[in-house]
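Notes follow the structure.
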Amino acid sequence: MYTVITVPAFTDNYIWLIRHENHCLVVDPGDAGPVLDRLAALDLQLDAILLTHHHQDHVGGVTALLKHFPHARLYGPKHDPMPDHHGQWLDDGDQINWHGLSLDVIHVPGHTHGHIAYHGHGMLFCGDTLFSGGCGRLFEGTPAQMHDSLQRLAALPDDTLIYCAHEYTLSNLRFAYAVEPDNKAIQQRIGMISKLRQQGLPSLPSRLGDERDFNVFLRCEQDSVKFSAEKYALKCLENPEDTFAVLRSWKDVF
């Protein structure tokens, strides 16, 4: 039995604990403080740290956590630079096994060159690649890379639960509404998430099958999305990759 525990950090980050009995893994600990507080409150032993990419708000707590738990294993992306840490660096197709839980590593370049995601047991820990209602900015990769990465994640089973690293859902959905104002799934999702946030509750995890209905970055082949992107770009777009590139540029200034 595995339980995922939400640990809010900074302004809008989420750090995830995967718990099994009195042991746990932590995903993208940008800040050690709230993680250590939660581990102490629940009397949990930290067995391993999983990193999706090298940005500071995802790795900033690693040193302090390893100081408190020196036997914890560190895992991270092979193709993202982590010069300050020694760990096991993972590539596409690698696998982590922990207390019967198998997590497959998926290389998802776009946000960074080496970004990876972890998938298994119906869970997807995807860092800053796929957000609920949106996707990450392109700091290092190309639009074509990010589109391909999102397509790989979108091919996972419908009931996959998405544990991304930021609470961006409402702003993502407002952009989605600008792209597809007649999409009832977007309208309904805005209402649902607004209520959750008013109660101080996270919008995550999100179900992948639902994301396909309202996340415009997963809907680039839809005529309604293509039409809006062409209207914004003032030109015809030949394929879903071109549509994605326009959407990502549009979202950057939305």
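Keep in mind that glycine also has a Cβ here, set from the backbone N, Cα and C atoms.
Summarising the annotation, Swiss-Prot assigns Zn(2+) 1 binding site to His53, His55, His111, Asp128 and lists sequence analysis as the type of evidence. For Asp57, His58, Asp128, His166, the entry in Swiss-Prot reads Zn(2+) 2 binding site, with the evidence type sequence analysis.
Where Swiss-Prot records a feature, it is marked here on the structure.
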{"residue": "His53", "record": "Zn(2+) 1 binding site", "Cβ within 10 Å": "28"}
{"residue": "His55", "record": "Zn(2+) 1 binding site", "Cβ within 10 Å": "20"}
{"residue": "Asp57", "record": "Zn(2+) 2 binding site", "Cβ within 10 Å": "19"}
{"residue": "His58", "record": "Zn(2+) 2 binding site", "Cβ within 10 Å": "26"}
{"residue": "His111", "record": "Zn(2+) 1 binding site", "Cβ within 10 Å": "25"}
{"residue": "Asp128", "record": "Zn(2+) 1 binding site", "Cβ within 10 Å": "24"}
{"residue": "His166", "record": "Zn(2+) 2 binding site", "Cβ within 10 Å": "20"}
Next item on the list: Using C-alpha atoms only, work out the spacing between Asp57 (Zn(2+) 2 binding site) and Asp128 (Zn(2+) 1 binding site) and round it to an integer in Å.
Entry: 11
Next item on the list: Whole-number Å only: compute the distance from the Cα of His55 (Zn(2+) 1 binding site) to the Cα of His166 (Zn(2+) 2 binding site).
Entry: 13
Next item on the list: Could you name the residues, excluding Asp57, His58, Asp128, His166, of the same chain that surround the Zn(2+) 2 site, i.e. Cβ within 8 Å of the Cβ centre of those residues, in sequence order?
Entry: Asn13, Asp28, Gly30, His53, His55, Gly127, Ala165
Next item on the list: Do me a favour and check the Cα-Cα span between His58 (Zn(2+) 2 binding site) and His111 (Zn(2+) 1 binding site); whole Å is fine.
Entry: 13
Margin query: Need this for a regression test: binding-site residues His53, His111, Asp128, filtered to those with Cα within 10 Å of His166 (Zn(2+) 2 binding site). What's left?
Written below: Asp128
